[in-house]
Each structure stands twice: as structure tokens, then as C-alpha cells.
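Asker: If you scroll down you'll find the structure; I have some questions about it.
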Amino acid sequence: MEGKMPLIGEKFPEMEVVTNLGNIKLPDDFKGKWFVLFSHPGDFTPVCTTEFFSFAKHHDDFKKLNTELIGLSVDSKISHIEWINWIKQNLKIDIKFPIIADPMGHVATKLGMIQAQSATQTVRAVFIVDDRSTIRAILYYPMETGRNISEILRLIKSLQMVDKYKIVTPANWPNNEIIGDNVLNPPPATQNDIEERTKKYKGYAWWLTYQDANKADVDEAKEITGE
């Protein structure tokens, strides 16, 4: 599994992985679906346990967005099974998504998930892959800070709206401080685009115009992110 780390806009590399739920072929087994592949430094650790609890709590919200979850660490399959059983018994929640067992670190190395300070532990990385197997976003968090699961949901919803409506979303959407839950138009490409934008849309300048977002999409975004 040698090679450079995959980048946003590239196809997710093909691989077969071992999980607590059986072997999976990536990305082939998820064709037609989005998926979030996220790594964690280790089983039976405090921050990772809170993250898995939150991912499990929001599992149905990811499914509403046609998105599957896949965890990963360099722990063994047995360790994953024991850990999620502990979470179920003590925190009263089921982890129903697969967790990749990568004890030799081959998958983590291929995806650029290994920490600089440690040759064996994975960082808190997130790969968001769309229904065409294209990497749409890559996020990294330090060991000391747990991920915001609502932000990952918001990002997926935004990317799906970009695909559907050919728009772009502002900071903190759907609660932007300037245009609220409206969405932005992408930068105009030609002089004709500039003239059309200023006639058709509201805005502050020819390069900063916006339009109403679909209400159902706004409502869903607010629901899944808890806004």
C-alpha cells in the first residue's frame, strides 16, 4: 500500500480492509452512498470513547444523508469488539458501524493518518467520500481535542447541496451572520454572469450575491446539527 496520500477531488483508493463486522472492499461496497471514514488514536481511551458515543447517537442522522460510517485504528479486531461491548454495557448505546482493524498500520499509512510524534498511533482524521467515490473533504484533529460530529454532518449536507443546486454555503450555514440561512452564488466566470447575477439575485456586490435556500434543506440541516 505504498504511495502518496490521497487528496480532495481524487478517487478514494481501492483496498480491502478487515473490520469487526467482516471484510469490506473500499470504496466498492459503498457505491451509490457517501461514507465517512474516521480514524481514532486508540480503543479504551477517553476522548475516543466520547467520539464513538456521539457518532453512534447521530448514526441515523448520517443515514438520512445517505451516508455510512466507518471507524479505524491500529488496534486489533478483538480490541474493537471488546471496546464496543464495554460502550454498550456502560454507556447504553450500540456501535452499529464497522471499525477497521489496522494493527500493522498499512491503511493508516496509505491515507496519511499516522501521527508525526508516534509511528504507531493514528491522528483523528476524517475522510468524507461521496456517492461517486470521490474524496470531498479531509479533516484532522489533534489527540487532545474531540471532533464536533454536528460539524461533520453540516459539512456533508453542504456538499450535497452544492452538488444539487450548484451553489456555495457561507460560514456557519444555516446560521450565517450576514445572510442567515440563505446560500451564496459561486464567483461569476464571465461579464455576462456578472450582469445576470446583479439583476437576478440580492447581494452586496457583483461578487457577493445570494439566493434563498430550499426550505426543506434548511430544516434538515438545522435538525441534524441540532440548531
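Cβ atoms here come from the backbone N, Cα and C positions, even for glycine.
What Swiss-Prot records for this protein is below:
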type	residues	note
DOMAIN	6-161	domain 'Thioredoxin'
ACT_SITE	Cys48	active site, cysteine sulfenic acid (-SOH) intermediate
BINDING	Arg124	substrate binding site
Asker: Taking DSSP as the reference, which of helix, strand or coil describes the residue listed as 'substrate binding site'?
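Answerer: It is in a strand.
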Asker: Measuring Cα to Cα, how far is Cys48 (active site, cysteine sulfenic acid (-SOH) intermediate) from the residue listed as 'substrate binding site' in Å?
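Answerer: Distance between the two Cα atoms comes out at 9 Å.
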Asker: If you skip the near sequence neighbours and keep only those at least six away, which residues in the chain come within under 8 angstroms of the residue listed as 'substrate binding site', Cβ to Cβ?
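Answerer: Same-chain residues close to the residue listed as 'substrate binding site' (Cβ under 8 Å, separated by 6 or more) are Phe38, Ser39, His40, Pro41, Glu51, Tyr140, Tyr141, Pro142, Met143, Thr145, Gly146, Arg147.
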